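Following: one structure in structure tokens, then a few remarks.
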């Protein structure tokens, strides 16, 4: 029940971030809808395809697909006022990240996988929608460059496991993971926390990426 | 029967567009063949993987894979004369788009899916080969920027559904959808029709895509 | 037994190339780990998803995933001394390419596929990890631009088939394919052998890729 509500908020928020990305690239309406769908439903689809968990969520519940399309069209209409909603938007996105992570983790556990695979499933569900969005928009995925994002998804998985290991009920586990992960993400955004970066320059650099003006 | 002929024309045409894209990036022959295969067979593969429809077409019928490779090598040979064939090429590509759409839609229907999923399957089959081609060539997918393309695929799916709903036989439905979609695409190319674009600029723009010289 | 050893060497070497690529793009540690995993395990995952061969290797043996993560972190630590190890690295990568190819080919054969599909499976396993790495790092895949790489994978598949056709035992076939492919790759690197390139310029070039500064 709770997870379904969070899932709906999450796909709506992710669809809107996708639509805005497409708008930055001046795509047509169809492109906006496709990028929104990929951003919102791509993470779960990648997880399901890799785990062989058929049918995919949007195949079983096409209404989520319709919702995503509506969210994309709605974003086109309200884009002018978007800047004033920027912070609400970041919060919804944070909620979505943790919600997706928990759902991905649970599905892997239900399929009988262990910690490593369910951690990967959780993080993949949380971040790969955004990665696909950035690939389709021809960016280096932002998830690897900005404030803590994927790592919070990973920490949330670990927290979730501890809660279950301590014998907490599923409901309490889900709610406390949500609160924990959400607070962590808010702290990361507020203080601009970042993972340490790995910067490597080699003598091939010049020739290997000579097309890149940066 | 008819669909098989259209499918063969479609994968040949798509393989040739893929090979030309690879040539624009000065790839080696192997890259040309791979891009051609991805362009021609990628759309169907994406659909089959997402719907869990195994085995994929090219696994079941490896002869299509061989055909695609031959088309790619043939394109390398005739590339010099390609400019004079430009319009024939666009027509074949239009035929391929509608053919792929109908095939994708039919497969989803045969699997027992409803309108939304079969529409997605049809459009995915039609456009995702080209999207994968553009990703591998490191472009923003052209399908979101040029004349009506993906939207025609979608309109063709709706037309197809109406025909079936009206009780028309499968053969007549397929032929009339082909004629309808093909004409629509020709009109779109001739008049340069485009979808409205969604253009969004925000204060993050500068930093988010500072690598992009455009 | 032998193949497992080669597989472990191969994923370690590939994970390190992935980590270095991520470092060239100044990604954070999480990005480094993700790119390393995609590079090392992505080829096999693409093959398994396309052939419907579930569960994927890293789902069945999560220890390979852990190994890949460790290799990525290790690369961050030893990156400073990497330049002196450049040639050892190229040799490990060559071993990995042929090892992946043989494994991919064998899996397709065990599933009952014929020559064309098992050749595709072999080449895909060998090269698509590197292609995914380059897509995530927003490069045109290097595999299509550098010295003979994918084509050696293909030649190794043909050699493998000939050995099996001649009635050689599996062990001898694997070892001789390894030696053959490895030598071929070393020769290609040493002499800088390249596939012929297909270079195509058309009147659309200017508009189609106007974003590209090259």
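Placement of Cβ uses the backbone N, Cα and C atoms for every residue, glycine included.
Automated prediction, rather than curation, is the source of TrEMBL annotations.
Here is what TrEMBL records for this protein:
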- C:5-79: domain 'Glycine transporter' (DOMAIN)
- C:6-22: transmembrane segment (TRANSMEM)
- C:29-52: transmembrane segment (TRANSMEM)
- C:64-81: transmembrane segment (TRANSMEM)
- C:88-109: transmembrane segment (TRANSMEM)
- C:91-163: domain 'Glycine transporter' (DOMAIN)
- C:115-136: transmembrane segment (TRANSMEM)
- C:148-168: transmembrane segment (TRANSMEM)
- C:174-193: transmembrane segment (TRANSMEM)
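Of the Cβ pairs linking the transmembrane segment (C:148-168) with the transmembrane segment (C:64-81) and spaced 6 or more residues apart, fewer than 3 are under 8 Å, so the two regions do not touch. Under DSSP, residues within the domain 'Glycine transporter' (C:91-163) fall into helix, strand and coil as 59 helix, 0 strand, 14 coil. The domain 'Glycine transporter' (C:5-79) scores a mean pLDDT of 91 in the predicted structure.
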